[in-house]
Structures are given as C-alpha cells and as structure tokens.
Amino acid sequence: MTVKYTVPGLSTDQVNELIGSLQGRLSAYNDLHLTLKHVHWNVVGPHFIAVHEMIDPQVELVRGYADDVAERIATLGGSPKGTPGSVIADRTWEDYSIGRDTAIAHLGALDLVYNGVVEDNRKAIELAGELDPVTEDLIIGQTAELEKFQWFVRAHLEDIGGRLSTGGASSEAAASDAARVEG
Ligand SMILES: [Fe+2]
C-alpha cells in the first residue's frame, strides 16, 4: 500500500517505509494484549491472584498503544490493519506456547515475549529516528513502559544476587522450565 498524502514535511516514500514499521508494531501490540489475557486466564497456583491482577493494567496499556499506533498510521495517510488475519500475517514469532501453568512458569515465558517486543520496538525507534521524530517519540514512550513491566516480570525471576533464572533461555518453554526450577 502506498499513501496518497501524508503529514506536512515528510515525503510519501519516507512515510511508506515508516508505515511498514508501524504496522509491525500494531500487530505486535494486538498479539501482546491477547497473549497477556491468555496468561490472566490460565495462571494457576498459590501466586494466582498476584499475577492475575498484575496483568490487567498492562492489557489496558498495550491496547491503548495499539490504538495510538493505528491512529498514527492513519494520520500519516495509511490504512492500519487490525484484523486477526493481519496479526498472523505480520507475525515473525511463534504463538505463545504455555497453557494452564503456574505463575512462575508464565512469568518466565513472558520475559521472553517482552524480549521480542522490546527488541523490535528498538528497531522501529531507530528507523523513526531517521525519518520522523514524532513517530520516534511515540514509540520511545511506549517502550519505556513495556520495559518497566518487563522489570515487574523479571523481579519474580531474579535472585538476591541479581541473576535471572531465565538467563540464556531461547524459547518460552525453556524459560518456563528454568523459572520453575529456580522458583
Ligand atoms: Fe479478568
């Protein structure tokens, strides 16, 4: 899709590249807020209520980020794709793999989920930094809050020496298993 108009001061070529990057973030956020609800519903065990309740404000935040990114795409002259099929089409990662499981297993897997989202956000920040500081500002603010939530997740996985039980895990299943052993 190519835009027919855009905001003053940017070229349509620049904006087409920017929109490609923003569409990736939109699908990542739509995937993330659904995945967070899946955790909210599937967490079990003695730490159920802490994790169940920790998740919901983050769902609201990430849903708002999806809305803000979609509206930025529209503002730039593009058409945001928000259907379930577009989330799957844009996805460069696997579906969340943990079902009913303990708080610590889900938190271990969520640490990996946030690694992926934040790494891709930083690539989007880099591109936006070259093309459009307004978009850059939007993604920077969102990324700071996502990183803060990842700290909430990691605080459950960290020992008093500052080591993460999930350190070095390269899959959600491996991170869950590592968190379970330490937790
Ligand atoms: Fe709920």
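Using the three backbone atoms N, Cα and C, a Cβ is placed for every residue, glycine included.
Going by TrEMBL, these are the annotated features:
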type	residues	note
COMPBIAS	169-183	compositional bias 'Low complexity'
DOMAIN	22-160	domain 'Ferritin/DPS'
REGION	164-183	region 'Disordered'
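Model confidence over the domain 'Ferritin/DPS' (22-160) is summarised by a mean pLDDT of 97. Taken through DSSP, the region 'Disordered' (164-183) splits into 11 helix, 1 strand, 8 coil.
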